Amino acid sequence: MTVLGHPRSWSCHCLPVLILLLGIGHGPRVEGVTHYKPGDPVILYVNKVGPYHNPQETYHYYQLPVCCPEKIRHKSLSLGEVLDGDRMAESLYEIRFRENVEKRILCHMQLSSAQVEQLRQAIEELYYFEFVVDDLPIRGFVGYMEESGFLPHSHKIGLWTHLDFHLEFHGDRIIFANVSVRDVKPHSLDGLRSDELLGLTHTYSVRWSETSVEHRSDRRRADDGGFFPRTLEIHWLSIINSMVLVFLLVGFVAVILMRVLRNDLARYNLDEETSSGGSSDDFDQGDNGWKIIHTDVFRFPPCRGLLCAVLGVGAQFLALGTGIIVMALLGMFNVHRHGAINSAAILLYALTCCISGYVSSHFYRQIGGERWVWNIILTTSLFSVPFFLTWSVVNSVHWANGSTQALPVTTILLLLTVWLLVGFPLTVIGGIFGKNNASPFDAPCRTKNIAREIPPQPCAISVELYYIFATVWGREQYTLYGILFFVFAILLSVGACISIALTYFQLSGEDYRWWWRSVLSVGSTGLFIFLYSVFYYARRSNMSGAVQTVEFFGYSLLTGYVFFLMLGTISFFSSLKFIRYIYVNLKMD
């Protein structure tokens with residue numbers, strides 16, 4: 001009790017510190033906390049710009065030659081906002097609550113040919129900008145490009161020098177914000193000589209209107225003003241197809257496989273009764289199928305420490321994914337709360353480290369593992385080390401290109417502190433509890449000292465094609481978290497059913513090496529997810545450039561690895577439960 005008392009007390013004091021470190025207090029904002037009086041100033045923050053087709057390639061708005069105050073004042077950001085690439089700063093726009101502005105000059109500029117070329121390149125790459133008004137994002141394109149494929153060929157590039165802001169209010173709160181360039185002619189950037197300066201006058205207007213919508217939760221109006229496409233709607237046909245697939249698989253396992261098992265059990269138990277005069281070994285030599293390997297099926301696998309680490313981290317990500325979806329269902333994530341899902345993911349990852357330590361150490365001790373300290377180190381490194389290596393490469397590329405996605409040094413130190421002071425200690429604490437609470441592995445059958453020779457196995461491949469490619473790399477705003485939770489449950493159910501079926505076929509072939517194969521069979525879905533991401537990049541997206549490419553493939557590989565851990569864990573424990581069931585019901589001497 002003395003050993004466990006100190007970590008438990010330490011963790012209780014550390015949890016509030018973790019919440020403060022992550023900025024939960026000022027990360028997710030409570031809707032409607034800002035109340036205005038007529039004439040009160042409304043601050044407009046400029047945030048970031050970037051290519052429309054490269055969602056993760058963003059730069060600070062003031063990196064472009066635009067109207068900029070003499071002294072840039074940055075807004076204090078939460079951890080989630082920093083991770084999301086936000087770098088908000090005050091602007092020259094003067095907006096007052098419920099006061100319309102017909103046309104006001106923002107600034108006068110004289111651009112050199114190099115600055116004009118920078119704007120031309122940004123417009124050709126379809127750069128968009130993002131402003132923030134009262135925690136509402138406002139997005140629009142930097143300029144306008146017109147290209148004709150007919151003869152004579154034309155290529156015109158123009159810069160939007162006038163922005164029309166439209167804001168809706170209800171009572172003393174801002175409900176909706178948008179920007180448009182309708183009825184505005186872009187300023188041409190063509191035909192400028194290398195030694196010539198381009199004079200520009202940036203202007204803006206503000207229109208206020210009252211709305212009957214009382215809350216920003218009406219996402220049909222408040223999400224993003226329709227700037228990003230909203231193509232992710234409920235595809236009922238896909239949902240029905242998934243349901244039919246699940247019902248077929250469950251029916252296969254529950255009806256067909258159970259009927260086969262009953263026949264096998266009846267035959268094996270009848271043979272056992274009729275052969276009572278001979279020894280068990282003589283009886284085994286005259287039989288075949290999964291019964292004959294009952295003395296080897298619970299033989300512990302090689303690399304048991306690595307197997308337990310995979311199961312522990314997989315269980316952690318199952319809890320993490322479920323927690324994120326449940327929090328989304330509770331309405332904790334929406335477009336107004338910048339980076340809330342990032343902060344929540346870090347918080348949940350740190351807190352669920354105890355799950356990985358407990359599951360890994362508990363099962364490791366059950367199957368006879370003695371080096372539990374090494375098992376804990378392996379468990380805590382199984383995901384964190386690949387993640388750190390991937391992040392280092394991606395962050396270095398962002399830093400070299402001046403992207404806002406590159407994390408500041410202070411944020412890096414904060415995340416490292418969270419892992420060292422919370423994640424790793426909770427893994428150790430969970431490991432201690434798991435080790436101390438572990439009971440001996442209760443195998444229904446005894447295991448021989450000499451392993452049985454495995455006959456030649458037939459070769460087959462089973463691929464479960466399940467499509468749930470997240471919209472992280474696109475521009476859609478996905479809000480159907482109820483459907484996502486349902487589909488997540490379908491994915492786990494399908495993985496469990498396939499694992500049980502493949503394990504039965506493997507045991508029927510007298511191959512008792514099911515431990516690792518049960519993890520790899522369904523866990524290989526992670527490889528498919530990565531291969532699909534390659535197909536998506538090449539055929540379904542318009543991404544380009546080193547920054548976006550490195551980020552896409554780096555985190556796609558990491559995503560496939562996480563799915564391997566989660567589905568491999570579900571697959572293993574489903575197979576273990578199934579094997580216990582069939583051998584418990586088998587009569588043996």
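Note: Cβ is positioned from N, Cα and C throughout, glycine not excepted.
Under the DSSP three-state reduction, Asn178 (N-linked glycosylation site) is assigned to strand. Annotation source Swiss-Prot lists N-linked glycosylation site at Asn178 (among others), citing sequence analysis.
Taken from Swiss-Prot, the feature N-linked glycosylation site covers Asn401 (among others). Sequence-distant neighbours of Asn401 (N-linked glycosylation site) (same chain, six or more apart, CB under 8 Å from its CB) are Glu57, Ala546, Val547, listed in sequence order.
If you look up Swiss-Prot, you'll see Asn542 (among others) marked as N-linked glycosylation site, on the strength of sequence analysis. Here the Cβ of Asn542 (N-linked glycosylation site) has 11 other Cβ atoms within 10 Å, regardless of which shown protein chain they belong to.
Annotation source Swiss-Prot lists signal peptide at 1-27.
Within the chain carrying the transmembrane segment (237-257), a Cβ under 8 angstroms from the stretch's Cβ atoms is held by residues 466, 483, 486-487, 490, 493-494, 497-498, 500-501, 504, all 6 or more beyond its ends. For 237-257 (among others), the entry in Swiss-Prot reads transmembrane segment.
Per Swiss-Prot, the feature transmembrane segment maps to 310-330 (among others); the stated evidence is sequence analysis.
Among the features that Swiss-Prot reports, transmembrane segment is placed at 339-359 (among others), with the record citing sequence analysis.
Sequence annotations record features per position, and here Swiss-Prot assigns transmembrane segment to 373-393 (among others). Counting residues 6+ beyond its ends, the transmembrane segment (373-393) has Cβ neighbours under 8 Å at 305-306, 308-310, 312-313, 317, 353, 356-357, 360-361, 364, 419, 423-424, 427-428, 431, 550, 554-555, 557-558, 561-562, 565 in the same chain.
Residues annotated as transmembrane segment in Swiss-Prot, with sequence analysis given as evidence: 412-432 (among others).
According to Swiss-Prot, the transmembrane segment annotation covers 482-502 (among others).
Summarising the annotation, Swiss-Prot assigns transmembrane segment to 518-538 (among others).
The transmembrane segment feature in Swiss-Prot is assigned to 552-572 (among others). For the transmembrane segment (552-572), same-chain residues at least 6 beyond its ends with a Cβ under 8 Å from one of its own Cβ atoms are 56, 307, 310-311, 313-315, 317-318, 321, 382-383, 386-387, 390-391, 393-394, 473, 491-492, 495-496, 498-499, 515, 518-530, 533-534, 537, 543.
Nonlocal intrachain contacts for the transmembrane segment (339-359), taken as residues 6+ away from its ends with a CB within less than 8 angstroms of a stretch CB, comprise 15, 18-19, 22-24, 27-28, 78-84, 86, 308, 311-313, 315-316, 319-320, 323-324, 327-328, 332-333, 376, 379-380, 415, 418-419, 422-424, 426-434.
Residues 234, 239, 242-243, 245-246, 249-250, 252-253, 257, 318, 321-322, 325-326, 328-329, 462, 464, 466, 468, 517-518, 521-522, 525, 567, 570-572, 574-575, 578 of the same chain sit 6 or more residues outside the transmembrane segment (482-502) yet have a Cβ under 8 Å from a Cβ within it. Distance noted between the C-alpha atoms of Asn542 (N-linked glycosylation site) and Asn178 (N-linked glycosylation site) is 26 Å. Look at Asn542 (N-linked glycosylation site): DSSP puts it in coil.
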